[in-house]
Amino acid sequence: MRIAVLGLGYIGLPTAIMFASSGYDVVGYDIRSEVIKKINSGVAHIIEPEIDRRLKEVLSLGKLKVTDRVEDLKGSNVFIICVQTPLSGDDPDLSYLERAIRTVAEVMDRGALVIIESTIPPGTTEKMARLLENLTGLREGVDFYVAHAPERVMPGRIFKELVYNSRIIGGVSEKAANLAEKLYRSFVKGRIFLTNATTAEMVKLMENTFRDVNIALANEFALLAHQYGVNVYEAIELANTHPRVKIHTPGIGVGGHCLPKDPYLLLSNAKEDFGLIRIARRINERMPAFAAGLLFEALEKANIKPSEAIIAVLGLAYKGGTDDTRNSPALKFVEIIRNSVKEVRTYDPYVRGTHDSLEKVVEGADAIVIATDHPEFKSVNWESIGKSMRHKIIIDGRNIIKEPPVGFIFRGIGRGDV
């Protein structure tokens with residue numbers, strides 16, 4: 001059996017590697033020639049534990065080949081689509097998915113299995129199956145099969161979670177779901193649940209919308225904590241001792257490819273407006289601006305004009321331990337303050353193009369803003385770092401610092417007690 005994986009990003013490349021490691025012949029396809037060149041050299045274009053070692057192994061065995069040529073996909077029995085589905089405003093942009101479906105239609109044979117892993121609005125898999133029927137003259141469930149198997153992994157833990165997380169597979173036809181289950185069972189040790197395609201689409205979107213709404217509630221608690229002079233993290237810890245309470249963690253914002261986008265995908269085909277989900281999005285989207293307000297307040301307390309201030313932002317990724325900056329609240333924060341301050345410096349140990357070291361980025365700075373919860377930031381001696389700063393201000397957007405360092409003006413999201 002030959003598997004083609006279309007889209008070699010944060011999900012597509014690890015997925016291709018997993019199937020190749022399971023003994024399948026895999027061809028990975030991406031329209032970005034520079035990505036293909038890098039992968040062929042044995043180096044992944046994304047940061048993920050173990051990915052380079054695993055990539056080199058399957059390349060050396062000849063189980064994975066990558067290409068930007070559509071004709072190289074011919075002869076594949078399975079097509080797994082892992083392309084992005086971004087937003088255009090608040091509406092889904094399915095152009096990448098439709099382009100991938102048209103590519104599959106050019107090369108697929110009878111009996112092919114087409115799996116969409118991309119996160120999509122409810123009803124999209126059915127629409128793509130109809131598009132394939134129109135393009136090929138074949139019938140889903142008879143001549144080819146279409147299923148939705150949404151990814152459910154976290155950057156930094158992708159390979160482990162691909163194996164051990166449970167999997168939801170929805171088929172346009174029952175046979176499509178069964179064929180996809182058999183395929184994923186080659187490496188998935190978690191449970192696999194079968195359903196129809198639209199239910200599978202909704203499950204993935206519900207999961208991320210649940211998280212987004214609950215983070216918004218935690219962020220609203222953090223905003224209230226400032227008004228009441230309370231440490232929201234202490235309050236949350238105590239509230240969570242109740243057996244039926246599990247409050248999420250607030251912070252500078254919600255990022256990544258999924259959480260800021262998926263609530264809008266869930267609502268995109270709805271026939272009426274659902275206010276709670278949209279309000280939660282607005283709360284999470286305002287958090288970078290709230291963090292900027294904390295910074296300007298601290299600068300004022302230190303008698304520093306924003307136009308004369310040098311700001312060192314620690315972390316650009318949307319979460320700790322990854323280089324993924326998609327929809328990162330750190331980037332939104334930088335955008336908000338950039339035109340109001342003298343200079344914005346950035347340092348992220350995982351993201352290329354930032355300062356070389358923490359020590360260099362803070363030298364002569366007036367304020368530090370912690371925007372990402374990288375593990376490297378949790379063991380920093382802030383008093384020592386402060387010796388090279390012009391002024392000592394820290395804004396903690398990720399609750400990295402439990403006790404404000406001596407000699408600093410300290411502000412933190414949800415830290416109404418300081």
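Including glycine, each Cβ sits where the backbone N, Cα and C put it.
For LYS204 (active site, proton donor/acceptor), applying a Cβ distance below 8 Å and a minimum sequence separation of six or more within one chain yields THR119, PRO150, ARG152, ILE168, ASP262. Secondary structure from DSSP puts LYS204 (active site, proton donor/acceptor) in a helix. Taken from Swiss-Prot, the feature active site, proton donor/acceptor covers LYS204.
The number of other Cβ atoms within 10 Å of the Cβ belonging to CYS258 (active site, nucleophile), over all protein chains shown, comes to 24. According to Swiss-Prot, the feature active site, nucleophile maps to CYS258, an assignment based on a curator's inference.
Residues or ranges marked as NAD(+) binding site in Swiss-Prot: TYR10, ILE11, ASP30, THR85, THR119, LYS261, ARG326.
Around LYS319 (UDP-N-acetyl-alpha-D-mannosaminouronate binding site), the same-chain residues at least 6 positions away in sequence with a Cβ under 8 Å from its Cβ are PRO155, GLY156, GLY255, GLY256, THR372, ASP373. In this structure, LYS319 (UDP-N-acetyl-alpha-D-mannosaminouronate binding site) belongs to neither helix nor strand by DSSP; it is coil. Among the features that Swiss-Prot reports, UDP-N-acetyl-alpha-D-mannosaminouronate binding site is placed at ARG152, VAL153, LYS204, ASN208, ARG211, HIS242, ARG244, THR249, GLY255, TYR318, LYS319, ARG398, with the record citing experimental evidence.
Counting only the Cα atoms, the space from LYS261 (NAD(+) binding site) to ARG244 (UDP-N-acetyl-alpha-D-mannosaminouronate binding site) is about 29 angstrom.
Fewest other C-beta atoms within 10 angstroms, among the binding-site residues ARG152, ARG244, ARG326, are seen around ARG244.
Within 10 Å of its Cβ, the residue among the binding-site residues ARG211, LYS261 with the fewest other Cβ atoms is ARG211. Cβ neighbour counts within 10 Å, taken over all protein chains shown, single out THR119 as the most crowded of the binding-site residues THR85, THR119. With ILE11 (NAD(+) binding site) as the anchor, the candidate recorded positions are ARG211, ARG244, CYS258, and the one with the nearest CA is CYS258. The Cα atom of ARG211 (UDP-N-acetyl-alpha-D-mannosaminouronate binding site) lies nearest to that of CYS258, taking the recorded positions ASP30, THR85, CYS258, ARG326 as the candidates.
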